[in-house]
Structures are given as C-alpha cells and as structure tokens.
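Visitor: My questions will all concern the structure given below.
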Amino acid sequence: ISLDHKRIGVLYFMLGIWGGFIGLGLSFLIRLNFCDPYYNVIPLEIYNCLVTSHGIALIFFFLMPVLIGAFGNYLLPFFLGIDDLVLPRLNSLSVWLMIPSLFYMELSLLYGAGVGWTFYPPLSIQPMSSGEGVDYLMFSLHLAGLSSLLGSVNFISTICSNISTRVSVIVW
C-alpha cells in the first residue's frame with residue numbers, strides 16, 4: 001500500500017501515542033513497586049521485564065516515531081513550505097517496520113526478557129532472562145533501529161534537497 005506523506009505522518013503520530021501509552025502503563029507498574037519500601041508488590045523478575053520494556057518503549061516507540069517520523073518528515077516540511085518527501089517509499093517502509101517491532105517488544109515482555117539495559121548476549125546470560133524473550137527483544141530493537149534509520153535518512157535527504165536561500169535557519 002502506497003501512502004502519501006500526510007497519512008504516513010498520522011501513522012507516525014498514532015504509533016508514537018500508542019508507544020507512549022505503553023510506556024506510561026509500564027512506568028505506572030514500575031512505580032507501583034515503590035509504594036511500600038519494605039515489600040515488593042511485583043516480583044523481581046517481572047520488575048526487570050517491566051524496566052527493560054519501559055526503556056525500549058519510550059525511546060524507540062515514543063520518541064523516535066514522534067520526533068523523526070511525525071515531526072521531521074511531516075510537520076517540518078509542511079511548516080516550511082518545502083517539498084514533503086524525497087524518498088516516500090523509504091518513509092512508508094519505515095512506518096510499516098514499527099508495527100511488527102512494537103509487537104515483538106510486547107511479546108518479549110510476555111516471555112520475560114528481564115535483563116534491564118544489558119540485553120546483548122554476553123551481558124544477558126542470567127538465570128532470570130529466558131532465551132526467547134531476549135531474542136524477541138533484540139529483534140524488536142533491531143527492527144525499530146532500522147525503522148528510525150530509514151526515517152532519518154529520509155528526513156536528512158528531504159532537508160538537504162531543499163537547501164536554498166529561502167529556507168530558514170530553523171531547519172538546522
């Protein structure tokens with residue numbers, strides 16, 4: 001399905017809002033564990049899974065889609081009155097890679113990838129981290145990284161192709 005830049009921008013906003021709500025819910029569950037300083041409401045393994053998914057959700061599924069995809073590829077060219085997309089298929093691929101990446105991140109939460117920020121293999125070999133959860137999380141991270149890389153390439157090429165005397169300094 002080929003989408004124009006407005007629909008892709010709206011999809012980026014929707015994915016960013018969805019990722020933000022997931023991060024907010026995970027943050028609420030993490031804060032729930034700190035209600036009583038002497039008793040853990042959530043078991044430690046589940047808490048580690050929440051911390052891992054919380055960080056990935058807020059960085060790769062809230063900040064990246066909203067800042068790079070929605071703002072950089074949709075709103076900034078719209079506000080400046082420059083050409084919208086130099087590489088529209090690249091941007092379309094970028095937004096469609098976010099959906100399975102978000103699915104695999106949620107799947108890793110269910111499988112129990114409770115490794116904190118150290119989810120690469122030499123650091124994640126612990127009794128608490130199951131193999132499938134870490135694999136799903138790493139695959140999700142790499143899909144989200146590829147998606148944000150494609151969106152960044154499109155954003156940079158859009159700005160560089162429109163450099164002229166009439167483009168304001170706010171682009172940089």
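Even glycines carry a Cβ here, placed using N, Cα and C.
Among the features that TrEMBL reports, domain 'Cytochrome oxidase subunit I profile' is placed at 1-159. The feature transmembrane segment is assigned by TrEMBL to 12-34, 54-81, 93-116, 136-156.
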Visitor: Is the transmembrane segment (93-116) packed against any residues at least 6 beyond its ends, judged by a Cβ distance under 8 Å, and which are they?
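Guide: Same-chain contacts beyond the ends: 3, 8, 11-12, 15, 18-19, 22, 45-53, 56-57, 60-61, 65, 69, 123-124, 126, 128-130, 132-137, 139-141, 143-144, 146-148, 150-151, 154.
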Visitor: For the domain 'Cytochrome oxidase subunit I profile' (1-159), report the average pLDDT of the model, please.
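Guide: Across the residues of the domain 'Cytochrome oxidase subunit I profile' (1-159) the model's pLDDT averages 80 on the 0 to 100 scale.
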Visitor: Going along the chain, which residues at least six beyond the ends of the transmembrane segment (12-34) come within the CB cut-off of under 8 Å?
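Guide: For the transmembrane segment (12-34), the list is 40-42, 47, 50-51, 53-54, 57-58, 60-63, 65-66, 69-70, 73-74, 95, 98-99, 102, 106, 151.
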